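J.: Before I ask anything, let me first share the structure, which is written out below as C-alpha cells.
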Amino acid sequence: MRLILVKPTNATRRLDSTGEVFQDGEHQHCATGGPEEKHNPFSGSPEKASSSPQKSRCCASSSLHEKSNGINPPRGSAQSKANSENLITTEGSKPQKKTKDISYRLGQRRALFGKRKQLSDYALVCGMFGIIAMVIETELSRTFYTKESIYSYVLKGLISISTAILLGLILMYHAREIQLFMVDNGADDWRIAMTFERILFIVLELLICAIHPIPGQYVFTWTAHLAFNYAASVDADVDIILSVPMFLRLYLIGRVMLLHSKLFTDASSRSIGALNKINFDTRFVMKTLMTICPGTVLLVFSVSCWIIAAWTVRVCERYHDAQEVTSTFLGAMWLISITFLSIGYGDMVPHTYCGKGVCLLTGIMGAGCTALVVAVVARKSELTRAEKHVHNFMMDTQLYKKIKNTAANVLRETWLIYKNTKLVKKIDHARVRQHQRKFLQFITASILLYNLFAVFQTQNMLYDLVLDLQHRTGELDRRIMALEEKLDSILVRVQSLPVVLSQAIAKLQKDFLDDLACRVHFLSSSLSSECCSAHPKQICPGSSTPETPYS
C-alpha cells in the first residue's frame, strides 16, 4: 500500500475537520468519519465495516512518520512557517522539498534587502575610518614622529584591522547579492549566479579595498625631473604609493546613496521602473539628484574633488619641493584651483608624475564641471510655465497700450496737419512738414505693432496648441499602457485556459468512472444475492439512479 502524507496547512486542516476523504485515484487511504464499505467475496453483497482500525493504523503511521521526519503539528507562530513548504513521502523514498511559496520568497527578499543595506553602511563606515586614519598618520609621521614610532604602528594597525573588516563586509555584501539573485530567479545552486563579470567585479573591488599602508618603514628611490633643473633622486616612503589609492574607497558612497534612495526602496517606484524597463542603479540616482538639486550636487562634488586633489598633490610633491611651494596645503589648493578652472598661470608646476597625473585628472573634471554649470545655469534661467503665462499676458497688455497710443498719435498729427493747412491764414510749411513726418512715423509704427501683435498672438496660440498636444499625448500613452496591461491579463487567462479545461475534463471523467464503478458493484452484489432489493442510494450516495426493484 502506498501512503501519501501531506504536511497540514490551513486548507488541509479544514478538510480534516469536515470529514473529507483523501484519495490518490487508485486506493482509499484514510477517512476521518463514517463507516467504510467492504465487499464480501463469498456472498457478493456489500457490508459495512467500522473504519476505526484502518483509521487508527493510518493516523498512527502518519504520526510516526511525521515524528520520524521531524514534522510537528503547526501551532501558534509555527503555523506560517509550516504553510511555506510541503513534504511528499512515498513508500521506500525520502521526503522531497517543494518550492517555497511566493509569500515566503517575498519575506526572504525583504530581509535580504535590509541586511544588504546594513552591510553597505558598515562597509562605508570602515572605509571612511581607514581613509581618515591614513590621512592622520601621514600628516603626523612627517612632523611629529617617524615611521618606526609606536604611534605609527598603532595607527597603521588600526588601518589594517579596518581594512580586514571592510573586506569581510564586502564578501558578505556580495553573498547577500547572490542570495537575492537566487530568490528572484528561483535558483537552487549559488554557482548559477557566479558569472565571469560578477567574479571579475568582486575581485577588482577586493583589490581596491585591500590597498593600505602596512606597519613599518619601507623606502624606495624616487627620481623626478625638475623643470629647468636636474633630475633629483630621494628616498621616499612606500606609504605614498599605498595611501593615495585608498581614496578609491569613496565609491562606497554611491552604493549607500543607491540603497538608501526612496526610488530604490519604494515598491511602487520599482514597479513603475520595471514596467518602463529602467534599471535603478547609481547612475539613475545621480541623474535624479542632478534634476532635483543640481547646484548642491555640483558644489559638493567640486569642493570634495578640490580638497582631495590638493592633499594628494601635496603628498606627491613634498619630497621634490625644495622651495615649499606645492608641498604646502594652501599652495596645492591654489595649483588645483587654477588647473580646475583651466586658467594655468604657470607660477606653480608639479614635478613628479604623481602630481602631474593628479593635475591632469583635475583639468578633465574641471572641464566637465564647467559644462555642467553652464547647462544648469541655462536651465535655471528659463521661465516656468506660470511665469511664461504672466510674461505673455504683460507683453500682450503693453502691446495693446502701444497700439492705442500710436492710433491716438496718428489722429493727433492728422488734426494738426489739417489745422496748419486749412485753419490758418498763413501756412507754415516747415511745421506742416514736421507734422507730416511724424504722421508717417506713427503710421509705420502702428503697422509694425500690429504685425508684432499678430505674431505674438500666433505664438500664444501655438504655445497653447503644443501644451494641448502634450496633454493629449500623455493621455494617449496612459491609455496605451492600460490597454497593454489588459492584453497581458487576457493573455495570461488564455494561457491558463487549457489547464482549467483539462482539470474540468478530468473531474468529469472521474465522476463518470466513480458512478460506473458504483453501478457495476451494485449489479454484481444484486446478482450474487438471492433476495435483495436494496436501494442504490444506500450503497452509492452520490448516484442519481432511479429506484429499480430486483427480484
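Just so it is clear, glycine is given a Cβ too, placed from its N, Cα and C backbone atoms.
What TrEMBL lists as compositional bias 'Basic and acidic residues' is 24-40. Here TrEMBL flags 48-63, 77-93 as compositional bias 'Polar residues'. Annotation source TrEMBL lists domain 'Calmodulin-binding' at 396-461. Here TrEMBL flags 15-100 as region 'Disordered'. Here TrEMBL flags 119-138, 150-173, 199-220, 240-258, 289-313, 325-346, 358-378, 439-456 as transmembrane segment.
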J.: Tell me if the transmembrane segment (199-220) touches the transmembrane segment (358-378). I count contact as 3 or more CB pairs below 8 A, with pairs 6 or more residues apart.
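T.: Contact absent: fewer than 3 Cβ pairs fall under 8 Å.
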J.: Apart from its near flanks, which chain residues at least 6 from the ends of the transmembrane segment (119-138) lie with a Cβ under 8 angstroms of it?
T.: 152, 155-156, 158-159, 162-163, 165-166, 169-170, 172-173, 176, 209, 212-213, 239, 243, 246-247, 249-250, 252-253, 255-256, 259, 311, 315
J.: As a quick check of your reading of DSSP, tell me how many residues in the domain 'Calmodulin-binding' (396-461) are helical, how many are strand and how many are coil.
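T.: Final tally across the stretch: 60 helix, 0 strand, 6 coil.
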